[in-house]
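A quick write-up on the structure given underneath.
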Amino acid sequence: LTGVLDDCLCDIESIDDFNTFKIFPKIQKLQERDYFRYYKVNLKRPCPFWADDGHCSIKDCHVEPCPESKIPVGIKAGSANKYSKAANNSKELEDCEQANKLGAVNSTLSNQSKEAFIDWARYDDSQDHFCELDDERSPDAQYVDLLLNPERYTGYKGPSAWRVWNSIYEENCFKPRSVYRPLNPLAPSRGGLGSVCLFSWTGLCLEKRVFYKLISGLHASINLHLCANYLLEETWGKPRWGPNVKEFTHRFDPIETKGEGPRRLKNLYFLYLIELRALSKVAPYFERSVVDLYTGNGHEDAESKALLLDIFKDTKSFHMHFDEKSMFAGDKKGAKSLKEEFRLHFKNISRIMDCVGCDKCRLWGKLQTQGLGTALKILFSEKEIQSLPENSPSKGFQLTRQEIVALVNAFGRLSTSIRELQNFKVLLQRTR
């Protein structure tokens with residue numbers, strides 16, 4: 001892959017260099033810190049679209065929940081959803097409990113004012129979310145240590161997995177009219193499913209092209225993770241995981257994918273640019289002194305925030321960002337309608353993640369979908385972020401701790417995908 005990406009003025013080589021030498025090492029370190037490694041998720045929510053066809057019985061599909069004793073006290077104790085030290089002060093627990101009753105989640109700090117909590121709760125309830133959010137108070141919601149449950153090949157495939165992606169592409173995605181989706185050998189033939197066809201964006205506006213590319217890029221990224229962390233052999237109960245060049249070729253080679261593979265990888269780069277842009281846009285939210293990445297360990301929290309701000313500095317230094325101002329820029333009525341259609345389509349896709357039969361795939365699908373949804377929320381909230389007060393509650397714009405963890409880890413997965421792509425390039429050259 002070389003050259004400039006469609007719908008933006010950025011070339012692939014620049015992204016490769018920027019990711020390899022600046023972003024990847026730092027985002028890896030950040031993901032290892034306590035604030036970002038523990039993610040609360042409900043893996044027992046029923047599929048809202050079709051009858052459950054059974055969960056994956058393969059042992060590698062299993063997710064090991066984290067015991068409460070392992071969760072940092074600042075994340076779980078008192079007002080567990082708050083992420084600033086001030087919000088965890090015991091003298092304000094009464095206000096926090098009141099806020100929880102009202103539906104407020106993760107306000108940045110407590111202003112010792114019940115009225116402020118009520119305002120945040122009211123705003124949070126009315127806020128447009130791009131994702132279906134898990135209820136963290138549900139007894140089925142559990143903390144998961146992401147470092148102990150890495151995303152990798154599980155063996156989950158077949159009709160159940162295809163059904164999920166088919167529903168995403170065919171029912172909830174704006175797609176080029178010439179692309180038959182998914183390229184599924186199990187699906188009945190429909191005018192040459194998976195055959196060579198001309199790729200045309202005719203009739204799709206920029207916003208719908210962007211939406212399709214985001215979903216395709218997410219799909220490509222997930223496939224790359226599976227190829228890079230594949231079960232190569234299992235001898236005497238000791239599995240060996242590593243890159244599988246044959247699997248990579250099967251999913252991305254131009255000939256084997258009828259020309260689709262390279263486009264999928266370009267969409268991965270496009271998705272990377274979108275989430276990179278969101279990180280640069282949200283920096284002012286975290287640069288305020290009132291925001292702590294609170295776990296209860298003051299030294300670690302300070303280091304985590306310093307590392308996050310350092311990453312933001314790098315994202316701002318990138319000179320070829322995607323310009324989201326070109327989206328929804330038509331007449332106000334039409335733009336508003338299209339934006340709402342965009343949001344509802346994506347929200348539906350986040351609900352489809354509850355239909356994934358493999359728990360580990362479901363965990364990482366939900367996290368990466370929520371991360372992308374958070375990125376979109378940021379890009380559509382630029383004015384609110386720019387007008388945030390330095391030392392008072394974030395009434396105009398808020399992020400929950402779950403959204404912050406998902407945003408960073410989702411971008412970390414994209415950074416890893418692009419890094420793994422460089423590894424596969426080297427491995428392919430060796431095999432030729």
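The backbone N, Cα and C atoms fix where each Cβ goes, glycine too.
Because TrEMBL annotations are produced automatically, they should be read as predictions rather than curated entries.
Feature annotations, reproduced from TrEMBL:
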ACT_SITE  CYS358  active site, nucleophile
ACT_SITE  CYS361  active site
BINDING   ARG152, THR154, TRP165, SER216, HIS219, ARG251  FAD binding site
DISULFID  CYS56-CYS61  disulfide bond
DISULFID  CYS96-CYS131  disulfide bond
DISULFID  CYS358-CYS361  disulfide bond
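Those residues noted as binding FAD (ARG152, THR154, TRP165, SER216, HIS219, ARG251) have their most widely separated CA atoms at a distance of 21 Å. Within 10 Å of the C-beta of THR154 (FAD binding site) there are 19 other C-beta atoms, taking all protein chains into account. Around ARG251 (FAD binding site), a 10 Å sphere centred on its CB holds 21 further CB atoms from the protein chains shown. In terms of Cα spacing, the recorded positions CYS61, ARG152, TRP165, SER216, HIS219, ARG251 that come within 10 Å of the residue listed as 'active site, nucleophile' are CYS61.
Nothing from the binding-site residues TRP165, SER216, HIS219, ARG251 places its Cα within 10 Å of the Cα belonging to CYS61 (disulfide bond). Neighbour density at the Cβ, taken as the number of other Cβ atoms within 10 Å, is lowest among the recorded positions CYS61, CYS358, CYS361 for CYS61.
Taking THR154, TRP165, SER216, HIS219 as the binding-site residues under consideration, the smallest Cα distance to CYS361 (active site) is found for THR154.
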